[in-house]
Ligand SMILES: O=C(O)Cc1cc(O)ccc1O
Ligand SMILES: [Fe+2]
């Protein structure tokens, strides 16, 4: 490893495990032993509790973290509104910024990079459902930035947890709990309220964000798959404590609150957490570690087998947000139309492409940094060219998605599109539906009627014949062996 890489590795250190109780101290002995709030915490630190769930949330859902810091977070000036024309996360509060609920399939060309703005001003709400003030629903954003946040600025969202999916460029995220480096093909989650500063060590960045206004992400149930596969808990990485000692410089704390931007000042660094312990922390995950499972016999399974993280509603098995990926994988299913089936879904499906080509859309219109939205009950599926190829291909085992990564934010909620998403971004493809599915031709051929024994034509066309049945059947339709 070149020495510069050693230095990098030193800067970003992690502790592994999903939903694991972590503890981390940048100075040995900074965590109190056997109690959380001693009369005098070690080294003159202040104890501060950060709650990610109600105090009384059930144990298996409860998420809190104790921070041991040089000064507590409350020492700051009043928050003042700090709106800006580039801040696009509050359409429901501006009468001229409507949310559009439309049944059409939508697709966006790649969103532009924007080198003129920093992380905070790069956030564009494209679509969403619900309301952060009711702690319900989700928002879907595109970010595109080219500038570091100011040296003395931090940001947090009171509205929800950010699931960040980088498509281009590297994010150096310094959080209160420590430092995280996130690159394309990795994701990171920054839970509600955690302060962070984003810098761009390799230039412009672009990507997608799902903001979850309710609950938190968890790993999906594995059911009969067993105790491993999909995203394994040990591959999630939380940062370790890393602090500055700075109690006399001016800091600006930016806060997203009900979709609006506010700012307060304080005379001490927010990155003064010397030690922490708990279950509420930011984390990252490398999508390359996902252990993909799929059909090894026949038929295309539901895409839920590709779920990395899920945020459940109160309705069992029904997600406010699923984060689903389509990683490189072998397709081996026999006698099967291998791309996704045509379907209409009670859930809404927002898709993005990090790199490569998505195997269900080979016609060229779904590009990296672009997006699509198939809202509640909007019919969709492979475009005409993909259908043509997949219906006639030789069904040898083959690998799809080499060098590619598409993903989906799937939600049980009907998603509305913002003015920015529909108009201002100027990326909506006019001819999406017409180009993708209108070229599909009917292939239906009514079978030649068979003469029945009594000489009357069998208008239903009769049974297609045993030889058409896939060889996996143990018994064919006319077989009586073993019947009682
Ligand atoms: O629509 C899509 O491309 C996403 C998707 C993929 C899949 O394999 C099955 C269903 C589904 O919605
Ligand atoms: Fe779909």
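Cβ atoms here come from the backbone N, Cα and C positions, even for glycine.
Predicted automatically and left uncurated, TrEMBL annotations should be read as such.
TrEMBL tags one of the stretches 337-356, 357-376, 377-396 as region 'Disordered', and that stretch is 377-396. Residue 358 (homogentisate binding site) counts 24 other C-beta atoms within 10 Å of its own C-beta, drawing on all protein chains shown. The Cβ of 343 has fewer other Cβ atoms within 10 Å than any other of the binding-site residues 343, 380. Per-residue pLDDT, averaged over the domain 'Homogentisate 1,2-dioxygenase C-terminal' (289-444), rounds to 96. Of all Cβ atoms in the shown protein chains, 22 besides its own fall within 10 Å of the Cβ of residue 349 (Fe cation binding site). Cα spacing between residue 349 (Fe cation binding site) and residue 358 (homogentisate binding site): 15 Å, rounded to the nearest whole number. Break the compositional bias 'Basic and acidic residues' (385-396) down by DSSP state and the numbers are 8 helix, 0 strand, 4 coil. For the Fe cation site, the Cβ centre of 343, 349, 380 serves as reference, and the other residues of the chain with Cβ at most 8 Å from it are 340, 344, 345, 374, 378, 379, 381.
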